[in-house]
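Copied over from TrEMBL, here are the features:
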DOMAIN    49-116  domain 'P-type ATPase N-terminal'
TRANSMEM  91-107  transmembrane segment
TRANSMEM  113-132  transmembrane segment
TRANSMEM  310-332  transmembrane segment
TRANSMEM  363-385  transmembrane segment
ACT_SITE  431  active site, 4-aspartylphosphate intermediate
BINDING   431, 432, 433, 565, 612, 635, 669, 750, 751, 752  ATP binding site
BINDING   431, 433  Mg(2+) binding site
């Protein structure tokens, strides 16, 4: 009874965009075919999963692959044939095999052991190396397959099993910092809203955490005992390689609920900042999306090895020519002069050296010459190369200079065939965030009501000032000297004064802001203090973060989906607006306006949350304040927000645009903040349409949600903008400078504006003074090539060039 009451209460939560409110269906309509417009049950969507009843999936017709995975190239049966085939794909080995076979014939001038032994050694050593490397892959697979996870065995009890023993339909419990053993449907988590944070670095390289959430109907499944009678049927798409899409539905308690990617936990991603989750296995083993994206381990060959093959062809041609000349000469001389050379005549003549048959003798001499001159192609070179490769791989694995102290990881030479490729790199392709930068955001500046706040200089500004100083001094100073300079202040440069004095670093992680006008409650004395109040509340409310209290220190930290959100919440707390509690439908803030006043706890009821994604480029929270007013809070990219402003909401747009450009030139990441007051009738009308879009089942569900979101995210009033800094990692400028000096071409991909990207390029030493700049922004592919060629020819004497392209130029090309 209590469980039913709890479930009814949970169904009223409207916190998240993709939390599923679905219309109940009758028993006859429970099947997927009854859902109008749904592809589930059709071609490509035939998978059926019986939750908590995996015994049905251990036999046909619902039997699916096991959770055992293998990434090896060989097995016991295929090793010898495949490994031998791989060895004789090399031209040199094929030639040595041919000569070894010929050495067994009577025409061979020396013992066949001298030809067979080196070949056997080279091939054997290579096969042993392949076997060892594949054995390491096998051991890594076994390590993964033998990981343990808690699985429901029945009657509400869980037991630990190996990953390889999991079956489709099993209910598993994954705890914090553990990897997901298979593709799972999230049922519930340690948070009462059923959310969890996932790290997908192993899948897509992203360091930002992804927010996942369960269906509200499964939220009561929060303890082991609640799974005793749990049953449900999932109908979804067949295994595929798409990491970001999922279509299916859950038939549970005689109702059908649509599923989307926000409820799917993919194998090899990790649970972060969440104590535990419960999930049901959908795809196992090689059916999982990560394995669908993997390919069979290829046989890799370095460019040096391929070049050696070309040299072998040339040497073999020379060898054949020498042997032909030798054999032809031998035949001619035997025919003409052998009778006079009585001392060269064999005592026991046979058909191999019959003077009366010079043509046949010449042919046999050709074979003898091929064997005799065969050392022109040195087999000892390949013996040395194989030994060196094995030794190099060992040295790479043991090199203390390639050890990461933070993670405790060492360099791993997974295949020794490509060791020499490390010295053949000519182009480096890199992204910025998390690779060149620390992906640790610090709140540095902000613009509120047309006024810019924050006096501390960014890292890019300091680097630009030093570049200007070095250029004004007309000195050829290496980049590392500029960065390692200990000067306290950069003097006047062409009428520009830039102070970069040593400032005491903030001890607060995520907050490097300095401006007394906003600190200690002084913001209440500023003009437009009502806009400042709205700005701080947007920072404290418009997010998806969870507050966490450190049991040891009692300090409050935030588990945020992105570092930006974490920096915003820390900034809001320092400004006197501390987010300290979240429930299913409310956010609680402690507000402290001045140092003399006490704190006031306020509750803001969250009605809807429209999440941020790369396509929308904005996030919206609709909340009800303590005065019963409905307020829409929206933050996002400045271009997106400015396009949605009301006529009376553009008062601060010119000044804010100016500040955003300044922040961008300083290398800062910016977001615009806005709000809108909603009438009760307008909200109710929109919410009804919004719930209708959420209850839809089909491939166009996301499009319907986006369309409905566009209806409410308009007529906004601009409040201001934020600017956070993502600092470069230690040693990045010096590293890039040395790579550039070595002649490597470096391309960096970033989502920043052009001006921001250029300034960051100077800060990280990717760009230097005196370089020629080529900017490409056209959408026509042919025009991009023409512009690039014109830019290079215009000043052909310039050795170093910079090339900037925007997204349109890349799409056009």
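Every residue, even glycine, has its Cβ placed from backbone N, Cα and C.
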Alpha-carbon spacing, residue 431 (active site, 4-aspartylphosphate intermediate) to residue 751 (ATP binding site), which is rounded to whole Å: 9
Averaged pLDDT score, the domain 'P-type ATPase N-terminal' (49-116): 86
Residues from the same chain, set at least six apart from the ends of the transmembrane segment (310-332), whose C-beta lies under 8 A from its own: 91-92, 95, 358-359, 361-363, 365-366, 369-370, 373-374, 376-377
Secondary-structure category, per DSSP, in which residue 669 (ATP binding site) falls: strand
Proximal but sequence-remote residues of the same chain as residue 433 (ATP binding site) (Cβ under 8 Å, at least 6 apart): 207, 439, 726, 750
In three-state DSSP terms, the structure that residue 751 (ATP binding site) belongs to: coil
Assigned conformation of residue 431 (active site, 4-aspartylphosphate intermediate) - DSSP reduced to three states: strand
Other CB atoms, at most 10 A from the CB of residue 751 (ATP binding site): 14
